[in-house]
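Peer 1: Here it is: the structure, laid out below.
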Amino acid sequence: MRVGIKVLGCPKNEADCEILAGVLRERGHEIVFDVKDADVVVLDTCAFIEDAKRESIDEIFSFIDAKDQYSYKLVVKGCLVQRYYEELKKEIPEVDQWIGVVDPEEIANALEKGTDLVPNRPETVYRYRKRIDLEERPYAYVKISDGCDRGCTFCSIPSFKGSLRSRSIEDITHEVEDLLKEGKKEIILVAQDTTSYGIDLYRKQALPDLLRRLNSLNGEFWIRVMYLHPDHLTEEIISAMLELDKVVKYFDVPVQHGSDKILKLMGRTKSSEELKKMLSSIRERFPDAVLRTSIIVGFPGETEEDFEELKRFVEEIQFDKLGAFVYSDEEGTVAFNLKEKVDPEVAKRRQEELLLLQAEISNSRLDRFIGRKLKFLVEGKEGKFLVGRTWTEAPEVDGVVFVRGKGKIGDFLEVVIKEHDEYDMWGSVT
């Protein structure tokens, strides 16, 4: 069976699909990278917010339109299916097979049988198997846990991802060791909430233990941690990230808002002052630390006063990177039933206003790197420039660095930063 895999959604889906590709190859199937060569196309979907659902539906119909030309079987899997299986099966009969949130071995079994598989409870924590790169790049996402027990009122993820389920430190270490042998230079740890890693297995927050284990591995590489829930970002986790030399000093902390009223409605436990104190303490200990966050505007009940409070919060913290998203009303969440919905046009205006403010802040924050030497990871080439990132940027969500000089994908180079705009930097090899 020749299988093509198309991934939508978050980096956790990318990690899952690379494991699935490895399982299928182990079973004798061929992984192809062009749908015209495939007997089966597997489309992995996202169902987090309305935009993600719309993108998934659009992609399903794009692949349906191409079926007659290329004669492949279309299999749709993942979060959208886990959440809306009955409706999808009824409304889109052109799809040949539906698979929910399932362990890669079980997905492979279902593909071989040709039967639908949507469990009542998600099953996505797997033991490590050899991965196959679906894209050529010098970094890899490693999923350390799945599911979430936090109960944020706006979030639908627990309804289709289930409760927290962590992989063992030994299993994750095995995966990372293999990735390093294959030449990966950056290991990016992902989960719905990385701060909760290990609570179910070890009865404690085990992220510091995992980081220490990975930091002890041989080789020159970066370790990056994403999705640090602010309510449970402890002093021990912060200290481990600041003290371990291979862990980049990059803190992805999705605070979601800066108004105490809205934070409480969101089900968050830390106040804006507590958030400020925590984030400021990171900068006090490591002034160059990069702080990234995510913000939701237009949450039910958000007034102009709340929004102004949010802007003051953002100005005070001076985040290096910030993603701003309009609230998505998701059925099955607590927030779905809240009154005082914000007009979509008002929410969109607030998003644009916040992003303009952040562009000024980001531009100012990058000034500190002008004239300095930074370690640079080559990811490709664009015209006369090498393109890649320093430790200050995460892939896909942040800017990039354009560098004059020679190098190949996966090289670490020392570069001098010469200029920047709000998001990207330019420099040259020293």
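Note: Cβ is positioned from N, Cα and C throughout, glycine not excepted.
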Peer 1: Report the candidate from Cys46, Cys148 that shares the [4Fe-4S] cluster 1 site with Cys10, Cys79, as recorded in Swiss-Prot.
Peer 2: Cys46
Peer 1: Given the model, what does the mean pLDDT over the domain 'MTTase N-terminal' (1-116) come out as?
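Peer 2: Its mean pLDDT is 91.
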Peer 1: Taking the recorded [4Fe-4S] cluster 2 site as Cys148, Cys152, Cys155, identify the other residues of that chain whose CB atom sits within 8 Å of the mean position of the site's CB atoms, giving them in sequence order.
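Peer 2: Going along the sequence, the neighbours come out as Arg150, Gly151, Phe154, Ile157, Pro158, Gln192, Asp193, Gly267.
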Peer 1: Quick check for the class: what is the C-alpha distance, in angstrom and rounded, between Cys155 ([4Fe-4S] cluster 2 binding site) and Cys46 ([4Fe-4S] cluster 1 binding site)?
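Peer 2: About 13 Å separate the Cα atoms of these two residues.
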Peer 1: Of all the binding-site residues given, Cys10, Cys79, Cys148, which residue's CB has the most CB neighbours within 10 A?
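Peer 2: Answer by Cβ density within 10 Å: Cys79.
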Peer 1: List, in sequence order, the same-chain residues at least six positions removed whose CB sits under 8 Å from that of Cys152 ([4Fe-4S] cluster 2 binding site)?
Peer 2: Gln256, Met266, Gly267, Arg268
Peer 1: With helix taken as DSSP H, G or I, strand as E or B and everything else coil, how many residues of the domain 'MTTase N-terminal' (1-116) land in each class?
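Peer 2: Looking at the domain 'MTTase N-terminal' (1-116) with DSSP, the answer is 63 helix, 24 strand, 29 coil.
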